[in-house]
Amino acid sequence: MQFTHKKNRSLYIPYAGPVLLEFPLLNKGSAFSMEERSNFNLLGLLPEVVETIEEQAERAWIQYQGFKTEIDKHIYLRNIQDTNETLFYRLIGNHLEEMMPVIYTPTVGAACERFSEIYRRARGVFISYQNRHNLDDILQNVPNHNVKVIVVTDGERILGLGDQGIGGMGIPIGKLSLYTTCGGISPAYTLPIVLDVGTNNQQLLDDPLYMGWRHPRITDDEYYQFVDDVIQAIKARWPDVLLQFEDFAQKNAMPLLNRYRNEICSFNDDIQGTAAVTVGTLIAASRGAGSQLSEQKIVFLGAGSAGCGIAEQIIAQIVREGLSEEEARQRVFMVDRFGLLTDGMPNLLPFQNKLVQKREQLQSWDTTSEALSLLDVVRNVKPNILIGVSGQPGLFTEEIIREMHKHCPRPIVMPLSNPTSRVEATPQNILSWTDGEALVATGSPFSPVTVKGKQYPIAQCNNSYIFPGIGLGVIASGASRVTDEMLMAASETLAQHSPLVNNGEGPVLPELKDIQTVSRAIAFAVGKVAQEQGVAVKTSAEALLQAISDNFWLPEYRNYRRTSI
């Protein structure tokens, strides 16, 4: 059975009775009309009153408010998702600001840690290494025939929480919920996948409730061959799918991206999505301060695949603004646990090599340290922008922030590590230490901060501003690849929707209530660039806009007609 996004067409449904009520994509619960109850053998299986979806959503909202902890709210919402997806997305849409942190970061981190404990019902595909010889059969078992977006993880680097084994499935489920909520992609077109390649988390291996393969992680050639077999099977089943890599370990994330980005329509959200939203935020923050990104000096704390991916996108944007690549690289400084990345450092990873600073150019620095700390770098570089992707809490100390503020009246500080327990500094501290003069954007949601009687909204530099629009743009345009230029177009479009840029004040990023508008705009920009680059069929702007509108799913019930299987 094919699901269509065409809103005014009736759906022809072969299921009836209790089977239909157990089908989350089709179940309406108490909203089935009397005619549908008669036609689909539902008479007597539901209470008498026929409700609207808004009446159902109001009851769900009242029930939601009865839960006291965020994890209990998460479990409740996931139960609705697994019972009635249309109602789930209507409820989320009605209370987006309240519920987005519950269905995704930061609450999803706890849900991943407790996945086997709170497990209720299967969702998505669990591909175990033990079943590596049955990949085609596994994918044929998926009821969604027209899958257009897949989010896949192997659970090894879940947020800042490390190896969660199959508990990492919470991330693809949550991520795809945002593709639908923010980007209008029908849930019938989405598929979460976790690769169960074992776990090195001893706590999970010892947990009698753990539901994954109790085995140390496979590695090296064995691992890469398995991933390749899975991707080839996905290509055979859904050749035009958009595949998003999510929360793979640093040692695997970049190699997998480089290996497959020109073989299948794919991207890594931790590397490219984080980079795109960060660059968009920095463009907006720079313009809000009356300058360009190319005029800034940028220091990173964290030089893993995500940090280096952001740095490379920043460098590309600086080059777009007129500097040479060499000049751009001299404005970006990467600090990891061993200090500033410099030439001659041992054990640098391949993606770090182009981001080192030359030791000979640091001879005038005011320091005697061999390993240059974050404080050394801030004191000597005098940066305008400080970005944290370290996954380690509290490393943006008062001394470091005050040192930065001493040389920069409006510092841009972005502690991006997730979840909130891993943030490099809280917005409250950053703004207090800078007398409210810092521009702050975080990776996790934070409430507004009050300093000296003035309230400051905190922009959440969340990838959900970017990846839903990219997904919608790829689907609407039929793009066969996700290129760097498409990602840069997404960044620029996000910056154009900044209240700070457009109004001269307010948050750096748009409000969540406007995220669907932003996603549509990003989809158009991404689709247009895809056409210009030849990775999508060229159409008129009007046709592309119509395709975006046609593919934008809304959580509304459709009329059902009965048919045979």
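Note that Cβ sites are derived from N, Cα and C of the backbone, with glycine treated the same way.
Not measured: the values here are computed from a predicted model.
These features come from Swiss-Prot:
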type	residues	note
ACT_SITE	Y104	active site, proton donor
BINDING	R157, D270, N418	NAD(+) binding site
ACT_SITE	K175	active site, proton acceptor
BINDING	E246, D247, D270	divalent metal cation binding site
SITE	D270	site 'Important for activity'
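Features as recorded by Swiss-Prot, highlighted on the structure.
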{"residue": "Y104", "record": "active site, proton donor", "DSSP class": "coil"}
{"residue": "R157", "record": "NAD(+) binding site", "DSSP class": "coil"}
{"residue": "K175", "record": "active site, proton acceptor", "DSSP class": "helix"}
{"residue": "E246", "record": "divalent metal cation binding site", "DSSP class": "coil"}
{"residue": "D270", "record": "NAD(+) binding site", "DSSP class": "helix"}
{"residue": "N418", "record": "NAD(+) binding site", "DSSP class": "coil"}
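Within the set of recorded positions Y104, R157, K175, D270, N418, the entry lying nearest in space to E246 (divalent metal cation binding site) is D270 (CA atoms). The Cβ of D247 (divalent metal cation binding site) has T153, D154, G155, E156, R157, I158, L159, G168, I171, D270 as same-chain neighbours under 8 Å, each 6 or more residues away in sequence.
For the residue listed as 'active site, proton acceptor', the number of other Cβ atoms no farther than 10 Å from its own Cβ, over all displayed protein chains, is 26.
Residue pairs drawn from R157, D270, N418, the listed NAD(+) binders, are separated by up to 11 Å at the Cα level. If you take the C-beta of N418 (NAD(+) binding site) and look for same-chain residues 6 or more apart in sequence within under 8 angstroms, you find T105, P106, G109, L159, G160, G443, S444. When Cβ atoms from all protein chains are considered, those within 10 Å of D270 (NAD(+) binding site) total 26, not counting its own.
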